[in-house]
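Database features, via TrEMBL:
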type     : residues : note
TRANSMEM : 43-68    : transmembrane segment
TRANSMEM : 74-92    : transmembrane segment
DOMAIN   : 129-255  : domain 'Palmitoyltransferase DHHC'
TRANSMEM : 172-195  : transmembrane segment
TRANSMEM : 215-236  : transmembrane segment
Amino acid sequence: TMQSSGHRFRDVEHHPLLAENDSYDSSSSEADMAERVWFIRDGCGMVCAIMTWLLVVYADFVVTFVMLLPSKDFWYSVINGVLFNCLAVLALSSHLRTMLTDPGAVPKGNATKEYMDNLQLKPGEVIYKCPKCCSIKPERAHHCSICKRCIRKMDHHCPWVNNCVGEKNQRFFVLFTMYIALISAHALILCGFQFFSCVRGQWTECSDFSPPVTVILMIFLCLEGFLFLTFTAVMFGTQIHSICNDETEIERLKSEKPTWERRLRWEGMKSVFGGQPSLLWINPFAGFRIRRLVLRAKKGGPEFSV
């Protein structure tokens, strides 16, 4: 413990006293942050994110060109094709917004005398500093070793979206898991109908591809659909449970006693998804604004801004 400006300053990882809405810099800094797109330069995360997109594209290829276009039922092909592709677009849009949205990073190096003076803390009041990124930690913030930042209400770091899931992007992550689960279930149902149709009829007529190629493509799609459905459905349920209980995954695993007043279930949902229940809750494009893309390098961190 060391004395600074009449306040006690501790290098610890948990239990800070700052409120969630405390900000580091002026409105000009906030405007500057608003122009940036968050992106973590982590090799493993970028590979996982690319794999996610490739798997969705593969599923779309098999559903569209192997199962739907060769079908003789026009409306069956149109309805299922439009539905599957709409879900795929919503899933990938949710993935992009999860990956490119600042999850709630605490500004680096804000543990300065000037900032402490601006907090107007009482003499002797304890505040906590993260020794890894030299920032004053708000309540419920945790340090991510991959993002190299303290993240407000950090739930976990997900390599599939190459980002932390935190206060500002949890909504998009929940939508991502929901839409991936839905298209996985849809793909499995279509595979079931296709196998039934091919077995009952002629394999050479149920697809434009040869029977061995058709079977191999559909088997891989079934395996992918089953694995993704299981994983994302469990993750979706876990996220909804955490939101309703106003508790992050880190807090649950560490069995941290709440130092905050927990929100009621619907209050927790509204705080994450915003406002009263509406179709905007399931719209990953809500609040999106096209900004001028000017590439800028950011020193001292694994993310860059555009």
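Residue numbers in this text run from 1 along the chain shown.
The backbone N, Cα and C atoms fix where each Cβ goes, and this holds for glycine too.
Fair warning: this is a prediction, and the values are worked out from it, not measured in the lab.
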Near the transmembrane segment (215-236), which residues from the same chain, at least 6 beyond its ends, have a CB less than 8 A from one of its CBs? 55, 58-59, 62-63, 66-67, 174, 176-178, 180-181, 184-185, 187-188, 191, 194-195, 209
Whole-number mean of pLDDT values that fall within the domain 'Palmitoyltransferase DHHC' (129-255): 90
Looking only at the domain 'Palmitoyltransferase DHHC' (129-255), how are its residues distributed among DSSP helix, strand and coil? 71 helix, 17 strand, 39 coil
With Cβ-Cβ distances below 8 Å as the criterion, list the same-chain residues six or more beyond the ends of the transmembrane segment (43-68) that contact it, or say none. 76-77, 80-81, 84-85, 88, 91-92, 95, 99, 146, 159-163, 180, 183-184, 187, 190-191, 194, 207-209, 214, 217-218, 220-221, 224-225, 228
